[in-house]
Amino acid sequence: MMTKKTPLVTGERVVVAVVVSRVILSLPLSLISHGFSLFLLCLSAFLVEIRAETSPFLLSRFSPRRGASSGILLGAVTLPSVMLSKLVQLTRAISLHEAGQDELSHVTMQYWAASASCCAILIYLSVVMSQAKRTESLSSSLWLTRVSLTGTVFYGVACFVSLSMISHTAVKLIRHLLCTFPSCASIGEALLVTSGLVLYFGDFLACTIAKICENMIPVDLVSISYGIKRTETGIIVQVGLLLGLLLFPMVFRCVVHIYETFLRKRDGGQRNCSDAAKSILFFVSLVFFMVLAVPSWMQFVHDFHQHPFLWVLTFVFSEPLKRISLCIYWVLLIVVSVSRFYSISRSSKVERILLRKYYHLMAVLMFLPALVLQPKFLDLAFGAALAVFVALEIIRIWRVQPLGEPLHHFMNAFTDHRDSELLIVSHFSLLLGCALPIWMSSGFNDRALSPFSGILSLGIGDTMASMVGHKYGVLRWSKTGKKTVEGTAAGITSVMAVCFVLVPVLASMGYILSQGWWSLLLAVTATGMLEAYTAQLDNAFIPLVFYSLLCL
């Protein structure tokens, strides 16, 4: 196997170093140990990434997405940086008596859980590389494998001895994702998704265990995982809709297995379930699971005293004129835009990447007015939209009759090189990129622009950078890349211009505005440079990086 020379310093790595340095330098003394752990994680990921990109063996073994770098460094530090920025924000809240120690302990646990997940995956990748055949062509870089493995192991021992279950789960999950969905994600993208899923499922598993055992263990032991106050909207969106749909594929597989076992026992032969029967089972199981099973679990764990669907109806009709009018506006905008863009994609020679940027602009038109006027309703709407996306993607992947095949052909009209027929992720990443900063900004927030980080970075910055760069771009950032200096400058300028307009509007509505313009400029510039240099799925990384910088 041949090694290839890759530069130690790349644009993406420099931007990541700037972001991590900005986070660490903003830490109060009480979080210095957390900052040191983030530095060690960044160093370990840097060494693993260098080794991975000099060995085609690692990349080909997992079938990563073609045309993308490994992205290990960016994927490893993004979520821990976000959690650490939240900790910085919470320390300010505690000093103002706006938050309690329980919430700080909860986010601290999330930070160490995210760090443990990322570190476990780095150790796994290092072990895989160390097991590669030591031919002469690889011997010159074996020292880097040993150094990266040794450093990562020391970091792992330091930060997650007590989180070994999380680490084991993270390794199994990323291996499953990369093997089940080949060529759908880079290693860095899979690393980000894995750490996020481990954090997400682990949080609600802890809530369930704490609720079951609350009479068996002292209250102070369950306060971290269960004592955090959650809003009704957060419970419905994060627990009911999303968690239920993510667990549904496993439930459906069990239902099909039980049904096929019943058929074999009844008929005495090897009989499989027909496509029509599977479709019926799918929709019946989906309705039962989402209408009865998941709401019952929500009511038990979170003391939700009303059926979630009844609560949603009550919530919507509490301000019927505003919220129903907003729903009508959304439906009309979606119908007109999708039908228009679909006809263009079928008959025009417009590049897919530019066509999809119109959806970014559509996201601005949909979400920006709602975030300013109806932020709580937008929280719920994001969850409903994401639930619909997940359900439709499950139907498309499994070709559930009668919607699976038409849906597959329709979605293919909007794909590009970053999607595959097996898994289409662009619409998920755009919606999540806009939604996550808003969801994470619930509760105390003294940075009024942080909820807008997804909408600004994707809907404004990324869109303007692509359009201006495609039409007017001449100077390229690299010889092999397509990103241009003109596009990046347009993206940064457009975001700053929108912020200049948005800040007075938010101030007039009573929002807390305590962020300096130089800090904002640094955040916007770093995000714009990351968009210019990264080959990863920018919809996933850019909003989180922008959010973490805005929280400081």
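Each residue, glycine too, has its Cβ placed from N, Cα and C.
The shown structure was predicted, so the numbers you read here are calculated from the model rather than taken from an experiment.
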Between the ranges 2-19, 452-469, 524-541, TrEMBL assigns transmembrane segment to 452-469
Within this structure, do the transmembrane segment (109-127) and the transmembrane segment (235-259) have 3 or more Cβ pairs under 8 angstroms, counting pairs 6 or more apart in sequence? no
Relative to the transmembrane segment (23-48), which of 109-127, 320-338, 358-374, 452-469 accounts for the most Cβ pairs at distances under 8 Å? 109-127
Lying 6 or more residues past either end of the transmembrane segment (280-300) yet within Cβ distance under 8 Å of it, the residues of that chain are 208, 211, 235-236, 239-241, 243-245, 248, 251-252, 255-256, 259, 273, 307-309, 391, 395, 398, 400
